[in-house]
Structures are given as structure tokens and as C-alpha cells.
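**Q** Have a look at this one before I ask anything.
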Amino acid sequence: GTTKDNSGGGTNTGQSNAAADPNAPTKQGVKMAYLPKQLNNPYSDIEVSGGKAALAELKGEYKLVGPNDASASSQVSYINTLIQQQQDVIGIAANDPNAVCPSLNQARSAGIKIVAFDSDAAKDCRDVFINQATTQGIGEGLVKMASDLAGGSGEIAILSATPNATNQNAWIEVAKTTLAKPEYANLKLVKIAYGNDDDQKSFQEAQGLLQSFPNLKVIVAPTTVGIAAAARYVSSSSYKGKIAVTGLGTPNQMRAYVKDGTVKQFALWNPADIGYLAAYAGVALKSGQITGAEGQKFKAGKLGDYTIGANGEIVLGPPTVFDSNNIDKFDF
Amino acid sequence: MFDKAWHRLASWDAAVIVVTVLVVVIASGAVDNFGTGRNFTFLMLDLLPIALVALPMTFIIVTGEIDLSVASTLGLTSAVMGSMWNTGMSIESIIPLCIVLGGVLGALNGFFVTVLKLPSLAVTIGTLALYRGLAFVVLGDNAVADFPRSYTSWVTGTIGVIPNVLVPLLVLALVFGVVLHATPIGRAVFAAGASEQAARFAGVRTGRLKFWLYVVSGAVAGLAGVLWTLRYSSARADNGFGLELAVVAAVLLGGVSIFGGKGTLPGVLAGVVLLATLQNALRLQDVSNEALNVVTGVLLIVSVLLPNIVTRSRAALRRRRKVTS
Amino acid sequence: MSVTKVAAPPQETTRAVGRSVLGTVFKARESGIALALVVLVVFTATQNSRFLSGQSIRDILLGTSILAVLAVGQAIVVITRNIDLSVGSVLGLAAFAVGSLMRDNPGLPVIVALLAGLALGVVCGLLNGALVRFGQVPALVVTLGTLYAFRGVSYLWAGGQQINADKLPASFLQFGTASVLGVPWLVVIAVVVMVVAGVVLRNYPVGRELYAMGSSPQAARLAGIKVGRNTTIAFAVSGALAGLAGVLFAARFGTVDAAAGTGYELNVVAAAVVGGVAVFGGSGSVWGASLGALLLTVIGSALAVLDINQFWQQAIVGGLILLAIGADRLVAVRVAKALKKRDSHV
Amino acid sequence: MGRQEPGRGPLLEVRGVSKSFGAVAAVAGVSFPLYAGEAHAVVGENGAGKSTIVKVLAGVHRPDSGTLVLAGEPVEFGSPAEAKAAGIAVIYQEPTLFPDLSVAENIVMGRHPRRGLGMIDRAAIRAEAERLFARLGVRIDPARPARGLSIADQQIVEIAKALGADARVLVMDEPTAALTVVEVERLFAVARALRDEGAAIMFISHRFEEVTELCQRVTIMRDGRHVSTDPLTDVTVDEMVRRMVGRDLDALFPKQDVEPGAVVLEVDGLSREGVFRDISFSVRAGEIVAFAGLVGSGRSEVVQAVFGVDERDAGVVRVNGRKLRPHSARAAMAAGMALVPEDRRQQGLVMDLSIERNVTLPRSRALSKFGLLVGRGERREALDWTQRLRTKYGRLSDAVGTLSGGNQQKVVLAKWLAMAPKVLIVDEPTRGIDVGTKAEVHRLMSALAAEGVAVLMVSSELPEVLGMADRVLVMREGRIVAEIPRARATEDSVMFAAMGQGAVA
Ligand SMILES: Nc1ncnc2c1ncn2[C@@H]1O[C@H](COP(=O)(O)OP(=O)(O)OP(=O)(O)O)[C@@H](O)[C@H]1O
Ligand SMILES: Nc1ncnc2c1ncn2[C@@H]1O[C@H](COP(=O)(O)OP(=O)(O)OP(=O)(O)O)[C@@H](O)[C@H]1O
Ligand SMILES: [Mg+2]
Ligand SMILES: [Mg+2]
């Protein structure tokens, strides 16, 4: 029979081998559709707003579609619709790296370029991936912030998004290996909770963490929904001042909690820049200036020049750490 | 005049079929990219799980019961399929095991409904939570993705524009249709739904019948779970979340009475196609998901409201005629 | 004649004995849940004493209050042999409506928010009620339809907007956590709702009529009960309470988008069913339903505190629902058997 | 039509009331008066339209034509609530209790006594229930739920409900059907007291002793029409029966004499706790055996247990010497047994299905080819049997619910005759069907017996029992108390056995 061992689960690549022409003219009127994990999520709204701005600069056509639930199967239906509508580029934040793969490959065979952003699809079914920061950088950064807030020792817990979230899981992996290093020997990760990127669920999970672990010092939430919910819970409870909240969040959402002292510091890249960069990468792909191979370069408007890294990854840059001193300089 | 009103009611499903055909024709003309072969493929792939699960659901609703746990059964079989694959079992033995598992989950519903005689709505709300919860227990954080190419590509593959999976669906639909409309079992299903007591007095073993319907419903949901997993090459605990409402909506839209005793399988298939086509066409027109929700809900209510209004206004008319004559 | 006369006296004694047995059996339903609750709390507290800390109890009560308000409304509808699956969507709609109202008019007092939520809920409930009453469409179908439709409306309205805590007036947010005499406002409101509904159902004719309708619709009509009117009232109340719950939700969580309350309907029905409200109407109480809500919330908290894998939570809730309705059925069968034996003249 | 009563007008008058259900004219142009201080009997055969009149008075049905006149004023009741408000209390033929509510609450539903703040006064409710039960001389715990009450107790609660309403007009549709003689006496004492206080009472019963004991005036109905209204002193019981039936009884029951063959059905020691006990009897080929007894004596339960739709606790059923699997209607059918149940609307027919489907439902397996039901087999069979029974219908595909009662009954018969039974059990075979059909049904049963079928009949109509049966088994309180051969079966002997010693005094 066919078993895991002999099925050869990993599959051959669909990478296009056409040569890139860095000097090809930038196409106008490129139709690019954004398919975030889920509509009506403030974080992805900011992301795609950057894409919209970039496409206006590039004289392309911007479009936003997506499901109301963060499920892979509904994304597939939307990819199919986009294929039918003969888009030029699809920018996708994949809910499940593999589930969207067959459809994305169908899109590619129909000549559509795929730019994964924020959350990667499997490598062999997209052209490039816009990574907000290196996984290593984020994972280590999270641990460092937690360590600072905990004073170098004590219990910490992670409040993540969904159990399947690709990014968060990758960052948590890095965080775990980082914690194993001797300089963090006194930090103890007691639990990883999942708020499913649902505000209310995250709120309750934060509540549960504080009840279960009386000695908890820091909640690290590597997701914007989670950190806001955790901060809100702590700020309205008797734990305020005793528990530190940190992680990845948007300045606008977190401003109130930084001001009232619940949150000392947190980090994030500018989400709008991800969408912005994705649009430039998409148009460059469509114009034939790049194909997604390592080492190719393209221009990304106000963000400057970028080089494609290994596996078609394009890294946006290091995240910004926000605290009470600088938070008022940002508005997103 | 009695029989006319009656016929009007009974042919609600015929009306749905006509409306479905109309919608397909109009969409082909008016919606860009709708009438292409590839879109047909996508449409069929999207409606496959709903159509599949709707087949036994039709039987169950015709007997006057309901099964809300189907989507969770789908999710649980998908999760189990993933974890079995991880243990290194062969896919050839996993697939039948998953279908059997679905049957067992259905049997538990059947036990509660027919042996303990509990209301099916309450029972299947309970198992809806239970099975979905167990799916998460089984697979937790993981998504199993590395299913064999030969299988996943068969599920997404086509013969011309006809998806491969349409073949088993059509075969099953034919079998379910024949059983419902042209066999003693079908007769018993209608009788049990229209009047359980009268059916028992005519020698129908209603408890046993319903029990097996739940088993079949579970098994088909298990099959749907397998196909779902292979189609998205992703076994996840949340697969098919919320599908039960879409299935019930399609069945009711197809003219099946929620009180049991009435309905046809062609009508249900038309209901499934109508819902899926509307969604597909409206989405191609860039109508948002949210508007689709409203359309689905309104359609559902109208589908039951309309025949009621028709029969009642006919009855009122008749009364008036009688008084004047 | 002599036969019946001789038979009479022993019959009387058995009846007198039966009464006390019956009394206890009837109270057993809700006390069973209460017992389960106590066992769970005690067990959890022995594992983790923090479970009984002030903050923890406050959190549980706050969590329960929203679910309990919904469960009270659901119980009222289910008692009349109907069901309201649209409550989650009504909650979402009301939460967003009230959230944007408060955001745009920061000066409004909280009471306006509450009234606005109630009013919106009543409108939704009346729509359900009218469809059930005049359209003669089964409640399950109507409210399944409006579950989609109301949710769709809130998405259409909200789009991608999210109303964040920093946009809401502080007075409104405080209302979500503040207390009077140490009891959070939300809990006060939930208790008031529960007591009012409980007293009306138990002590006012209209309440008794709702039970009668659920117990036997035909008999209700023959007894001169205005079945149509009462059905509409039940749906309107359920809608109103869902609207109110929406306001509480917005105040408590501070962040509202169009998805608020998605999937709540199953929790609410589960709370009512677990609390002993019979799905086929005619029996159960709002106390039971509220206890069911409390039990479900405590289970959630306890599983978190006991550090049980959160994935088990849903499975345990499902198993509990089955257990509750199964036990309910067994009690009912027992009672029926006991009554039959007692009355048999053979 | 009734005789003019000089000096005072009627409290409530029914004037030319007609009511049809589809093609069935249940009541056609009926008029009679109800006087204050008088008990008025309405008698007629099953299906004569008595209950329909009751429901018109109760505001359940709106008459198609005709009016009700209350104290000289024409009234129109749009709902039961309005009739109630006008002072009309009704005891329906079928008990209409709320099983989940307490007995006391059932009694006061719709008119709860109140105390402060408009709240229900529970103590008063309980006191009222106890007062009413005391008046009726029964002991029922007011706090217990109505679920599980015996039919007799249910009926008593219904009576208490009506008495508690303090009505000007008290309408009682067969209130005594399930009661024992003692309880009937108490009821009558209360009714007389109410009557003497000036209430008008309408009383329906199939027992003439009761009618003569309580009432002063009698209206006779036949086939939905008014036959006569007279003071009871002016008519004899024989005269009433003659007017009710409208023709000679003997002509109605053309029982052929058949020499009984071997024993086909044998029932031994059948028991079901709380319902019937130790039932043993046998039926021979060609024989018609009748079960007689009061309503609620357990006859229907016995035949349902014999057929296997109900469970039984003990006992054996044999057909042609072979034991039947208990609680399996299918096994009984396979052995050649057929049951025409008493309640055709609930048990006999699937109202929403077509005539054709109903007729062939028990035989769908036999009619299928390779498991499939295709072709015209079903239709041919349905056509054959409905025609043999001279059933009137539009099309075979019409829902059976659209047929008149008598034709529905024929469909039930067709359904079971189509399987050519060896044992035919008929429970109240002529309930609610018209006189002509009744004769046809009797002819048919007689003919089947002549062909060698063993027929077991349950009937509450004494003339039917006396006219058709070769042997009468009388049941009382769940037991067979007498076996009376045709030669000795008389109204007196059967009633005597059915009511128990001393009852027929
Ligand atoms: N709701 C209904 N729909 C159709 N037909 C009906 C309905 N109610 C009564 N009938 C028919 O009307 C006729 C008169 O019925 P009704 O109940 O008034 O008889 P009845 O005199 O009370 O008989 P019984 O002595 O058996 O109680 C019957 O043929 C019955 O089948
Ligand atoms: N719903 C019920 N709940 C409790 N007891 C019942 C119920 N129905 C019937 N019984 C009891 O079963 C016994 C037999 O009733 P059954 O209807 O079989 O009598 P029957 O002789 O066939 O009368 P009928 O002429 O009404 O058919 C009675 O003692 C009655 O009290
Ligand atoms: Mg009657
Ligand atoms: Mg009977």
C-alpha cells in the first residue's frame, strides 16, 4: 500500500525557469488581488492598505477578496474565483501552507504570479514570499523582551494565534531554542495558549493563564489580536502592574496600554510596508524583472531596493520596538 | 381543487429545479468567466462535500429527524486520517477505516436517538461539539499535509472538465435517489416521517430504520472527510467547520419539509447546485461574502415561506368561492 | 360498585406517599446541575487554590453573565416548543451597533447604550416571531435563516471595521468591569434579568401560558391561550436579551467587529439544555438555564486552571450535553413508570 | 323544530348551524335550544356530528352557516377564548391537558387567581383544585403533573376544569366514557346542583341510562342532521335508537352463518403491567369474535400487543400453532395477521401520503422486483382493492387525508385486505363512518369470515357486537370477565359483564 514513507510527500517544484530581465519595463495596469487570511482583521487591513497605495503608485489595479473565517478551504474557493477572473498577481497570506497549494499551482499554470506575504505558502507553489522579518530575529527578539521585563528570571507564557498558524509556530520554535541557551536558564516557559486570533478567546485565555500560573511574570503574545486582548484584560484586572505583557502589536491598538503602564514594550514591523512590498514584488514578477530566484534585485518605491534571498524569500527588515518614548511617532 | 393545491406543494422541488436551471443559464450569459469549463470544475469541487453529506441528510430529515453533527464527523475523520497517516499506515487501509469510523460516530447518534429516544436536535448538537472537540484532541496543533500525490491529484483531477470525484458523487446520488424513491426502504422512510405511529402499525421498524440512517449519514460524512482531506491535502481538526448549516440549508431549499414526510432527492441536488451556483456567480461578480450570507439566509426562509403562502392563499380563495356559490 | 369502593382507600394512601417522592424528583433536575457545579468547583479548588480567588470568581461571573442573559432568552423560547438559533448573530449586530453608537457619540450615558441594544434586539426578535407566527415556518428554519441573514447584515455594515477599546468612551468600558458594592454591573444586570424572567415565568399568567403552549399546543389553543401573541412575545424577549447581551459583550471586551458572537447559538442552546430545559417545551426554568451557563463557564475556567489541554474542552462540553439530556430522559422515564404503576387499576 | 317552551327563552340556541370539512358535511343545518336550569342530551351514532357541534359552541370551529344565540343576542366566537369569556365551559371528548403542568394548574389555566402585583396565587389554586376534587369525591394530588394520569383521572381533571369555570353553559362531550359508576354518580350530583343553580347543561353520551337519569330534553342527530328535539318524558329509549339509526337494525348486520374451522389465532396468558392481565382466547377460521367492554377497558391495548406494535410483559401468541416473536408487527404480518387500528388518523393511515402508497405500504417488499418498486405493480394493486371496496376518490395519487372519513376507513381496510390475511383484527372498524359504509364494512367482514378468515373485532357499539359476533369476549379493567356465545349475547348480558356486578341496577 501507499504509506507515508514511500509516498514521497514532498513534491517536485513548479518554479519557473524563465530568465529574468532586470531591465524590462515595469508593466502598467497589472491586476493584483490580495487574499489575506481573513477579512475584517485590523492587522490585515493595514497590510493590504499598503498594497493599495503601492498599486496606485504603479498604476495597477488593486482588489481585495477573502473569507470571514480564517480557514484554508474558503481561501481555495477565492483562489479559484481569482483564476477565473484572470488576475495577473495574487498576494496571499496562507491559512494553511499546503491546503492552498494545488489551487495556487493551478493559478500559476494560468500565468498568474503568486506573492505570499505575512504567512508563507509551501515553497513550490508561490513565486516569492515577503517575510516581515527573519524568523530567527523575531523569535530571539521576543525572548529578549520577555527576559528584560521579567528581570532575567521567572515564569513566562506565550499567547499565540491558532495552533496551526505557520508564522507563530516558527517563531515559537525559535523562542524555545533560544530559551534553551544558558543566558536564559532562569526563564521558564510554562505554557503556550492559543487565542485563535479571536479577540474574545484570547481574552479568556489570558484570564486562564493568570489563574493557572500565579507566579507568571510575562505574557508574550506574538500576534496583534492576542497582545491587545491580553493587555486589555490585565489593565482591567487586579493583575495590572504585576504582570507584563509584550509581543507583537500595532501602536494604535496598544497606545492606551502603553500609556497606562500595562505594557512597557512590544515590537512590530510596519504591516503596511508588507503589503506595499508585496505589490512591488508582484509587479516586478509580472513585468519579468524577477522570477523569484535567489540574488535577483528589484526596486520597491519608497522602501528602496530589495534582493531575493534563499527560497524566494524577501525580508522586509528588522522590526521596530515600541515603548512610551517612541509610540506617538507611529500611526498604524 | 384539493389535488391542485396538493400538487403545487409537492412540486416545490420541481420549481427549485427550474429556478436552478434558470440561474445557471442566466449566470452563463451575464457573468464573465462563469460559463467556462474550468469554472465548472471549481463549482463541482466546491459543492462536492455539501452534495455528498446532503444525500443521507435528506433521508434523515424526511424521517423527521436531523443530524447536525455531520461537519464535526467530517472534521474528526479528517483528523484521524492525518494521525493514522503519521503513524505510517497505508492510505489504502486508512480510507476504509475512516469511513467505518464515520459509521461508528453515526451509530452513536443513532443509539441516542432511537434507543434512548432523545430528541435528535439536542443529541446532534451535543455530538457536534463532542466530535469536533475530539478532532482537536486527536490532531491538536498539527496539520498533516504530505498525503500521496497520486491520491490528492486524483481528487483534484478532471476528465475533461468533469472532476474525477463527480463520478462517485453521481453514483451515490443515483443509489440514494433510487433507494428513496423506488424501494420499500424509501417508502418506509416517507411513512416514518409523515406519521411514525402509522408506519409502525404498517410493520415499519422505525427505530431500526432511523438507526441505520444515522450510521449511513456518519459513513458518508466520513467519506466526505477523506475526500476533503485529499482535496486540500491537509488533514486538520477544523476541516469542514460550519458545513452542517450549509447542508441543512440546501436540503430545506430543495423542498424537504423539516417536519418530515416530504421531499425528493432531485430537489435536494437542485438545492445544492442552486446555492453553490449563486455563491460562485456572485463571487465572480465580486459580491462580498457577507452579502452571500444574507442571500443564503433569505433564500432559506423564503423556500419554506413561499409554499405556505401559496397553499394558504389557495385555501382562502377556495373558501371565498364556496361562500359566494 | 362494591369493587370500586373497596379499591378506593388503598389508592388514596399510595397517592399521598407518591407526592413527596415526586416533589423531590422534580426538584432533582436543577439540584443535579448545582451538585455537579459544586463538585467541579471543589475539585478544581483543591488542585489550585487560586481558582477561588476574588479575581477568578469575578472573571467567571463576568463570563457567565453574558451567556446567562442569552440562556434566559433561549429558555423562554424553548419552553414554548420553539428554538432561536439567531441569538449569536443578534448579539453581534447589537454589539457592533452599540459600539459604533458609543464611538460616534462619546457623551452618551450607558443607559442609552443598553436601551439601544434592547431595541435592536426586539426588532430582530419580532422579525423571527412574525415569520414563525404568520409564515407558519418552523422556528428552526426561520432562525437558521436569520442566523445567516443577521450576521450578513452586520458584516455588510461593519465591513472590515473593528471598534477598538481606545475608540470607546471610558465610561462605557468601565461599565464592563466596574462594580456596585463589589458586584460587577454585568452580573447585576444578568441577575436582574434572571430574577425578572424567573418570576414572570413562575408567578404571572403569561409565564404559565408559555409553559402550557410548550406542553401541548392544541390544548393551549382550546384553553383560550393567545398562542400566536405569546409566541411573538417569546421571540421578542429572546431577541431583546440577545441585544442586551450584545451591549454587555461590547462593554466587557471593548473590541467589537462583525464576527462578535459567532457560534454562540450552540453554547446558548447547550446551556439551556444542560440546565434542564426540555427541547420539546413545557418544562425547565430560567434558573436551570442560568445554572447551565454558569456550569459551562466554570468548566471552561476549570479546564484552563487544571491545565487540561484546551482541545479537550469542546469535547467535554459535548459529552456533558449528551450526559445531561440522557440523565434527564432517564429521570423522565422513571417518573412516568412510577406514576403508571401507582395509578394502574389492574 | 323543538317544541316551543312557553314562558322563557333559551339561554343558548343553536340555529341552523352547518359545518363541513372538505367534502364531509359533519353538521348540516342543526338547530336546538339549551334552557337554563335544564340538562339537554344530544345523542347520535358515531360521526353524527355531536362533537362538531360542541366545537362550534366552544369557538374551535366557525360554522359555515347558521348562528349561535346567547341570551337572545346572536354571538360569533372567533376563538375558544371568546366562548370561554361568554360563559361557556366545555369538556372535550378527548382530554386536552398540559402534561408538564400540575393538575391544579391545568384546572385554572387561562383564569389564574391573582394576588398582589398581579402575581398568581398558588395557595388559592391549590385550594380551588382541592375544593373541586372534594366536590367530585375524588382524591387526586393537585400538585402532581398531569402526565401519566389514567384516562379516567384525566377525564376527572377535565370535569374539574369545566366546573371551576363557573359557567352559565356547561357542555360535556362524553364525559363519562372512561368513568366508573361511582364517579359518574358524583358527577351527576354536581351537574344536578349546577343545573338547579340555573346553568344550562349539554350532555353527550352513548349510554341511555345516563341520558334518562340526568337529562330533561334530548336532541337526536343522524348523519350531521337534526332529527328531533323532545322532552325525555315523550320518547322511549327504543324510539331514540330508532331515530338515531334511521332504519331497522337487523338489516344492517347481515351476518352469514359459517361453520367455524380449525383454531387459527391462539392467545395465551398475555399480560402487560398496568394495562391488561392474563388474557387468553382463541379464534377459529370463519369465526367472528368480538371484544366488548367499556371504553378504556384495555381492548385496544390487547389487540395491539397481539399484533406486536405494543410490547407485552408475558404471554404467547400463536398463529396456526406457530409462536410469534413478541413486539414485532413484521412477524405478525408474515404469519398472516392484519390489524385495522382504532385510530385511523394516527395509526391507520399516513395522512400526507397518497392513497396508492398507503394501500401498498405493508406490502411494498412483496411488490418489489429485485428490491425495486418500478412499473405499475403498486398502482394495479391499489386500484384493484380500492375498487373492490367501492372507494370514492379523485386520483390514486391524492393524499389520503383529503378523503372523507368513510373512504379513509375503506383505504385502511384495502391496505390490510390486500395482503390476504388469515387473521383479521379490526378495532372499532366503523367508528366515525357513515351508515351506508358501515353496512358495507359489515358485509365485507362477514364475507371474509365465510372465506375462512379468523376475524377478531373490537367494538364499543353494542348493536354491532351483537349483530356480527359469533362469540363475545367482555373485558373489564384489563381482564376478560365473560365469554358469551352468540345465542346468549344480549344487550343486558354484555353490559352486565362489562360494568361488573351490581352496576346494572
Ligand atoms: N377536523 C376534521 N377534519 C375533517 N373531518 C372531520 C373533522 N372533525 C370531524 N370530522 C368528520 O365530521 C364527522 C362528524 O364528526 P364528529 O366528531 O362531530 O362526530 P361525533 O358525533 O362526535 O361522533 P362520536 O360519537 O364518535 O364522538 C365525522 O365524519 C368526522 O370524520
Ligand atoms: N395515554 C395514556 N396514558 C395512561 N394510560 C392510558 C393511556 N391510554 C390508555 N391508557 C390506559 O389503558 C387502558 C386501556 O385503554 P384502551 O384505549 O386500550 O381501552 P379500550 O377498551 O380499547 O377503549 P377504546 O374504546 O377507547 O378503544 C385504560 O385503563 C387507560 O387508562
Ligand atoms: Mg364525538
Ligand atoms: Mg379501543
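These residue numbers are counts, starting from 1, taken along the chain as shown.
The backbone N, Cα and C atoms fix where each Cβ goes, glycine too.
As the structure is a computational prediction, the values presented were derived from the model and not from experiment.
I grabbed these lines from TrEMBL:
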- C:32-48: transmembrane segment (TRANSMEM)
- C:60-78: transmembrane segment (TRANSMEM)
- C:108-127: transmembrane segment (TRANSMEM)
- C:139-158: transmembrane segment (TRANSMEM)
- C:178-201: transmembrane segment (TRANSMEM)
- C:231-251: transmembrane segment (TRANSMEM)
- C:263-280: transmembrane segment (TRANSMEM)
- C:287-306: transmembrane segment (TRANSMEM)
- C:312-332: transmembrane segment (TRANSMEM)
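Buried or exposed, and what's around them? Tell me for each listed feature.
**A** Residues 84, 87, 91, 139, 177, 184, 186-187, 189-190, 193-194, 197, 201, 210, 214, 234-235, 237-242, 244-245, 248-249, 252, 264, 267-269, 271-272, 275, 277-279, 281, 284-286, 288-290, 292-294, 296-298, 300-301 of the same chain, all 6+ positions outside the transmembrane segment (C:60-78), place their C-beta atoms under 8 angstroms from a C-beta of that stretch.
Within the chain, the transmembrane segment (C:178-201) has long-range Cβ neighbours (under 8 A, six or more residues past its boundaries) at 58, 61-62, 64-66, 68-69, 72, 75-76, 79, 114, 207-208, 210-211, 237, 241, 244, 248, 251-252, 285-287, 290.
Below 8 angstroms of C-beta separation, residues 29-30, 32-33, 67-68, 70-71, 74-75, 78-79, 81, 83-89, 91, 147, 214, 287-293, 295-296, 317, 320-321, 324-325, 328 of the same chain, each at least six residues beyond the ends of the transmembrane segment (C:263-280), sit close to that stretch.
Residues of the same chain lying 6 or more positions beyond the ends of the transmembrane segment (C:287-306) and with a Cβ under 8 Å from any Cβ of it are 29-30, 33-34, 36-37, 40-41, 43-44, 47-48, 50-51, 56, 59-60, 63-64, 67-68, 70-72, 74-75, 190, 194, 198, 267-268, 270-277, 312-313, 316-317, 320, 324.
Long-range neighbours of the transmembrane segment (C:312-332) within the same chain, counting only residues 6 or more positions beyond its ends whose Cβ lies under 8 Å from a Cβ of the stretch, are 25, 28-29, 32-33, 270, 273-274, 276, 278-279, 292, 295-296, 299-300, 303.
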**Q** Residues sitting near the transmembrane segment (C:139-158): Cβ under 8 Å, six or more positions beyond its termini, same chain?
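**A** Result: 77, 82-86, 88-90, 92-93, 96-97, 124, 127-128, 131-132, 235, 257-258, 260, 262, 265.
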